[in-house]
Amino acid sequence: MNWAFLQGLLSGVNKYSTAVSRIWLSVVFIFRVLVFVVAAEDVWDDEQKDFVCNTKQPGCPNVCYDEFFPVSHVRLWALQLILVTCPSLLVVMHVAYREDRERKHRLKHGPNARSLYDNPTKKRGGLWWTYLLSLIFKAAVDSTFLYIFHRLYRDYDMPRVVACSAAPCPHTVDCYISRPTEKKVFTYFMVTTAAICILLNLCEVFYLVGKRCMELLGPRRRRSRRRQGCLPDTCPPYVLSQGGHPEDGNSVLMKAGSAPMDAGGYP
């Protein structure tokens, strides 16, 4: 595996991510990808070779192994990690598309032309939707694979002995899984890290949506307050001074409840 490429990819994605997304990336690449590459493949490399059944019937161990392991844990995890990391690359590609479009616009209209984007890396417009949909897609992928593991492997369990009666087995036979406790520990670890990643993605979705709503509602509230000015129940009405009439030029307007003021001086 090319670790320099992995490091560059992580740095490129981090550049356009929020703080929560950086935590998600750290969990994925340290606690999922590295554990998968370094340890998980070695734990499951003997899963079929050391899957032993108490019968000499040809083909019975293979059929029983396929019944209990319809899809290998390692291959499912590899597919899960590929699908879960692809949306982050889409965000990087979208930013690169914006920057390339801005560059072509400058070449066509000159360096002093008005920019298409205030900041090509800022999550606004289409980039905001790309980022939000990538989070939803990542959470959906992890949730789907957790459900698949739950259905295929009976609550993520790894028993020591499984009973098999599929043909061509002559009768119900017992088959033994190699290193079941070690495999169970790694299965629980991968399931737990996937659940943490789902939680982080959902937290970031709520953060982005909430922040966007506050940005949209804040200016509207300020404009509404400026239009309304003082409400009738908060601003005291103006009345004529005692003894004055609207036709009298010496009458003076004053706020109700305030001291009377004549036309020529202070109260």
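The backbone N, Cα and C atoms fix where each Cβ goes, glycine too.
TrEMBL labels come from automatic prediction, so no person has curated them.
Because the structure is a prediction, the values reported are computed rather than measured.
Database features (TrEMBL):
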DOMAIN    42-75  domain 'Connexin N-terminal'
DOMAIN    141-208  domain 'Connexin cysteine-rich'
TRANSMEM  21-40  transmembrane segment
TRANSMEM  77-97  transmembrane segment
TRANSMEM  128-149  transmembrane segment
TRANSMEM  186-210  transmembrane segment
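The average pLDDT for the domain 'Connexin cysteine-rich' (141-208) in the predicted structure is 91.
Within its own chain, the transmembrane segment (21-40) has Cβ neighbours under 8 Å at 1, 6, 10, 13-14, 73-74, 77-78, 81, 84-85, 88, 135, 138, 186, 189-190, 193-194, 196-197, 200-201, 204, counting only residues six or more beyond its boundaries.
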